[in-house]
Amino acid sequence: MSMFCYQCQEAAGCKGCTVRGVCGKTEDVAKSQDLLIYILKGISVYGVKGREVGVINKEVDNFMVEGLFATITNANFDREVFIERIKRGLQLRQELKEQVIKAGGNVENSHANKNWLDKMLSFVGLKKEEETKLPDAATWFADNVEEFNAKAEKVGVLATKDEDIRSLRELITYGIKGLAAYVEHAHNLNFDNEEIHGFMHKALAATLDDTLTVDDLVALTLETGKYGVEGMALLDKANTQTYGNPEITKVNIGVRNNPGILISGHDLRDLEQLLEQTKGTGVDVYTHSEMLPAHYYPAFKKYSHFAGNYGNAWWKQTEEFEKFNGPILMTTNCLVPPKDSYKDRVYTTGVVGFPGLKHIDADEKGEKDFSSIIEHAKKCAAPTEIEKGEIVGGFAHNQVFQLADKVVEAVKTGAIKRFFVMAGCDGRAKSRNYYTEFAQKLPKDTVILTAGCAKYKYNKLNLGDIGGIPRVLDAGQCNDSYSLALIALKLKEVFELEDINELPISYNIAWYEQKAVIVLLALLHLGVKNIHLGPTLPAFLSPNVANVLVENFGIGGITNVEDDMKMFLG
């Protein structure tokens, strides 16, 4: 059986990748990821049972988060990494099972009739006692790659035959993957939330439960959104308490004459360590793609060698990494399989991986030694300039709340007629040029609220301002969509509205991978309706599941700029 993956927006033919991922993922990597997810779901069965008797294994919880994060689109392409995670996952599953048994938990086959009356009726033959077996994912074991390969053929997405059940199971799983990314970043800053871990176990274990109906899974999907909000709140707290609240900042997009290191991804703790270790070395540090918003945090402004942002969204890296000349550090997704011409300059860390690239691990305390990449940088030429100028950002919730009076007055006077939330992801599809054209053609009395790398479609267009308020307000990384939600809730409060959907806010969101999925589910949990997703709707939404989202939440796609503009503006 060939691979099957449809977790991202680039799913081939908007159906699924079956030979090789459009992302560059090979068939053997895809299947090893399938098996790892299967093992993680099996661990979650014991994670749920453990919590029933007070057993919480933090090593297991962290392993779950890292494993889920590693399977996100464009994070890790190294099959050997997944094989090792599968082996370790099986070990941890057994260890957790033994801990649950020791605590008095029931880890064997359970019975549906648990109360005393049912048991008595069953004993006298008046009621059948149904045995519910542990799912195979909680019991299957192997210790060699041959058996791993054989099992991986049987446990992929298509193992669930019912199209709607499959669709909802995958929607939940992808949401949990996105949530795992945010939890991992918070964990790296020593912030955690046990309740979120507990829910992740519950949700993943539920995807193995064949007794759950479509309605059950729809409810669980919305509950996933609830924990998406909590996960983004946790990361917002971690980032702001560690580095301060983002503030309005001009970021240089040109270059200096020193050699440099380009840091990409999302992990601010990695950036902090790199900046500390490059002090006084003569090596500058530049951000790339989703690392741009790091410039908005006060704590990073003390580094004189924090030079600016180089390049654009992740998908342009094959040409931009070539021109940067120095080494690149990938802290998280999105990694594109590198060209041979610059492959020796790419370093990975955290959950990122690609065969042949140099990987930098953390020690037991979470500290990383970046001396090798710094020494590499010293031998390289300064970056080739690809653009000049500045871009402005830093409009997260705290900063916007400080401007609240100005914003509210602009709305009341009609200077601002409508806000457009255009958060989300960028990607290589030409159809995404829609978002550039859409931004250009928006009326001058509208303001764009953005977060995530979708901003690169319009953050350099110089769209002007309204009474000193920039028409593009960049809150930060994709997880900072949380700020956009808080801003909307604040406006609802200020204008004394009962429903968030009464606000003059439209949602035209570009999605790409699984973090966008958890952001979407979080918005649905908050009651936001009439969200439009593009450039295509997710391939993993079956017609019936898509219809549920349309009927209950007004989810829609996009068509063309002219027609959509009329639709949004009425």
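Cβ coordinates come from backbone N, Cα and C, glycine included.
The annotation in Swiss-Prot ties Cys5, Cys8, Cys23 to [4Fe-4S] cluster, and of the candidates under consideration, Cys17, Cys334, the one tied to the same site is Cys17. Listed binding-site residues: Cys17, Cys23, Cys453, Cys478; maximum Cβ neighbour count within 10 Å falls on Cys478.
Of all the binding-site residues listed here (His266, Lys515), it is His266 whose C-beta has the fewest other C-beta atoms within 10 angstroms. Cα separation, Cys425 (hybrid [4Fe-2O-2S] cluster binding site) to Cys8 ([4Fe-4S] cluster binding site), rounded: 11 Å.
Among the binding-site residues Cys5, Cys8, Cys17, Cys23, the ones whose Cα sits within 10 Å of the Cα of Glu513 (hybrid [4Fe-2O-2S] cluster binding site) are Cys8. Across the fold, the C-alpha of Lys515 (hybrid [4Fe-2O-2S] cluster binding site) and the C-alpha of Cys8 ([4Fe-4S] cluster binding site) stand 10 Å from each other. A Cβ within 8 Å of the Cβ centre of Cys5, Cys8, Cys17, Cys23, the residues given for [4Fe-4S] cluster, is found for these other residues of the same chain: Tyr6, Gln7, Glu10, Ala11, Ala12, Gly16, Gly21, Val22, Lys25, Ala30, Thr73.
The number of other CB atoms found within 10 A of the CB of Glu513 (hybrid [4Fe-2O-2S] cluster binding site), across every protein chain shown, is 25.
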